[in-house]
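Chemist: Okay, so TrEMBL annotates it like this:
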type     : residues : note
SIGNAL   : 1-31     : signal peptide
TRANSMEM : 47-65    : transmembrane segment
TRANSMEM : 77-110   : transmembrane segment
TRANSMEM : 122-144  : transmembrane segment
TRANSMEM : 174-192  : transmembrane segment
TRANSMEM : 207-225  : transmembrane segment
TRANSMEM : 262-285  : transmembrane segment
TRANSMEM : 317-343  : transmembrane segment
TRANSMEM : 355-373  : transmembrane segment
TRANSMEM : 420-448  : transmembrane segment
TRANSMEM : 460-478  : transmembrane segment
Amino acid sequence: MRGRPLRLSLSLSRSLALAVALAALPSAALAHTGERALALLLPTEIWAPAGTAVVALTALLLAFVRGDRLARLAEGAALPVALPSAAGLGTGLSLLSAAILAGLCLMGWFGPRNPLVNLATLALWTGVIALLPAAQLAFGNLWGAINPWSGPLRLASRLHPRLSRPMLRLPERLGAWPAVASWLAIMSFALADRAPLDPARVASVMAGYWAAIFALGLVFGAPALRRIEGLGLWLSLFAALAPLRIEHGRPRLRLPGLGPAAAGRAGLVVGAGGFAVAALGAGSFDGFNETFVWLDFLGVNPLQFPGRSAVRTETMLGLYAAVALMAAIFVACTLAGLALAGLRPARGIARALEALALGLVPIVAGYHVAHYLPATLVETQYLLVALGDPLDRGWDLTGLDYGHAQVTTSFFNQYHTVRLIWLAQAGAVVAGHAAGIAVAHLAALRLADGDPRRAARSQFPLALFMVVYTLFGLWLLAAPTGA
């Protein structure tokens with residue numbers, strides 16, 4: 001009992017130090033600091049172990065759940081409704097998306113320089129990276145219709161019939177590794193570039209990325225982009241967890257979070273498991289690289305952060321090291337589990353690793369939602385303002401009468417709202433791990449030919465890793481940040 005007041009006093013001291021030292025930062029950064037400072041006062045030393053215990057209990061209970069029942073929940077049920085073909089609509093939406101992208105690039109190059117005003121920056125980081133994954137989680141694969149490549153590629157093939165056939169074939173043995181490379185390029189820009197919010201820089205990167213992917217689509221064919229284009233594959237991970245999916249023209253409802261365990265893998269391409277491993281490593285580093293622990297490791301004073309340029313090389317190396325470490329731990333846990341259960345997968349170790357790696361898909365989604373929730377609460381307001389006044393001329397095109405004066409960060413400065421935000425973040429992390437354990441358990445049952453005991457033994461090392469990683473994720477939510 002005597003230790004509790006001391007911890008509270010130390011947390012309060014750290015909070016006050018952060019508030020004073022960073023008082024000169026812009027309002028968005030100050031709001032984020034205030035949220036993290038108040039989070040230090042929350043009883044996370046109780047909540048984090050409790051959330052971890054929920055994940056551990058889930059792993060234990062799944063050992064006693066009949067695999068066929070869990071499989072039925074993952075497969076879901078097809079609704080007795082036939083939907084009309086929407087191929088033409090998809091082409092039109094994709095062409096519209098490409099036109100909007102072109103407009104955003106022009107706005108980035110020639111529009112307002114403030115990233116909180118310019119739609120190019122807000123559309124990318126708030127619209128696509130923060131809000132679109134949430135929409136995919138709720139409604140399924142929207143990106144399949146609105147991506148800016150499928151429509152232009154179809155149009156090009158109609159204008160030039162020779163372009164309707166791929167020039168080269170993307171080797172199957174590459175799996176989704178090209179998408180991993182393109183996704184890590186995006187993450188490198190987000191984490192290590194000196195000015196990833198600068199509108200002109202954002203516009204140039206978006207234009208260059210679109211052109212590169214379009215060229216690859218012409219060379220290898222539009223279907224191959226599912227294994228080449230990292231943003232689309234990353235978004236498909238979220239869509240695979242949605243309760244609704246359209247299959248063969250019919251809507252199918254399933255338990256949210258279990259889609260990757262279905263027989264059709266919820267439409268995920270071969271290699272999506274390996275991509276999920278890389279995405280989880282990169283996403284975890286996205287949060288860890290802001291913590292005092294990482295900055296102290298680099299020898300940087302978190303209260304006197306020298307800027308991104310000073311740690312660019314270290315950030316890049318840290319990102320790739322995090323991905324490599326995640327891959328090594330996952331492979332080690334999986335191989336140890338297979339050996340423990342005496343399993344020799346009939347289709348080979350690589351296929352077993354791919355199947356079990358799909359259990360990381362819900363965890364990727366949970367971490368992303370948790371990490372971006374605080375920033376999204378603020379930046380979505382700026383996005384609404386920019387949609388109504390895209391040229392910063394005082395317009396109100398949306399009719400919402402929502403301007404910069406209405407943007408608020410007050411929920412970061414009140415204990416009860418910070419508590420709700422942190423619990424929502426923690427809930428996303430815990431739910432993601434619980435669903436991930438269920439998906440991996442179903443994959444293990446298939447590898448063990450339905451033997452629940454061997455499946456449970458094979459999952460012990462991986463389940464233990466997921467439990468420990470839950471604790472790491474919950475610690476990350478409350479850790480003080482300085483970058």
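Note: Cβ is positioned from N, Cα and C throughout, glycine not excepted.
Please treat TrEMBL annotations as automatic predictions, because they have not gone through curation.
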Chemist: Does the transmembrane segment (174-192) reach the transmembrane segment (460-478), going by 3 or more CB pairs under 8 Å (6 or more apart in sequence)?
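Modeler: Since fewer than 3 Cβ pairs under 8 Å link them, the transmembrane segment (174-192) and the transmembrane segment (460-478) do not come into contact.
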Chemist: Out of 47-65, 122-144, 207-225, 317-343, 420-448, what stretch is closest in contact terms to the transmembrane segment (262-285), meaning most Cβ pairs under 8 angstroms?
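Modeler: Maximum Cβ contact count belongs to 317-343.
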Chemist: Residues sitting near the transmembrane segment (207-225): Cβ under 8 Å, six or more positions beyond its termini, same chain?
Modeler: 98, 101, 105, 148-150, 152-154, 156, 163, 165-170, 182, 186, 232
Chemist: Counting only residues 6+ away from its ends, which parts of the chain sit with a Cβ under 8 Å from the transmembrane segment (77-110)?
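Modeler: That would be 118-121, 123-124, 144-152, 154-155, 199-204, 206-207, 210, 246-247, 249-254, 390.
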Chemist: Within the same chain, where does the transmembrane segment (420-448) have neighbours whose Cβ lies under 8 angstroms from its own Cβ atoms, ignoring anything closer than 6 residues to its ends? I mean 6 or more beyond.
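Modeler: Contacts with the transmembrane segment (420-448): 35, 39, 42, 44, 47-48, 51, 54-55, 58-59, 62-63, 67, 70-71, 74, 241, 256-258, 260-261, 337-338, 341, 343, 345, 352, 355-356, 358-367, 369-371, 373-374, 377, 411-412, 454-456, 458-459, 462-463, 466-467, 469-470, 473-474, 477-478.
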Chemist: Under an 8 Å Cβ to Cβ limit, what residues of the same chain, 6 or more beyond the ends of the transmembrane segment (355-373), are close to it?
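Modeler: Same-chain contacts beyond the ends: 129-130, 133-134, 137, 237-238, 240-241, 257, 260-261, 265, 268, 272-274, 276-277, 279-280, 283-284, 286-287, 330, 334, 421, 424-426, 428-441, 443-444, 446-447, 462, 466, 469, 473, 477.
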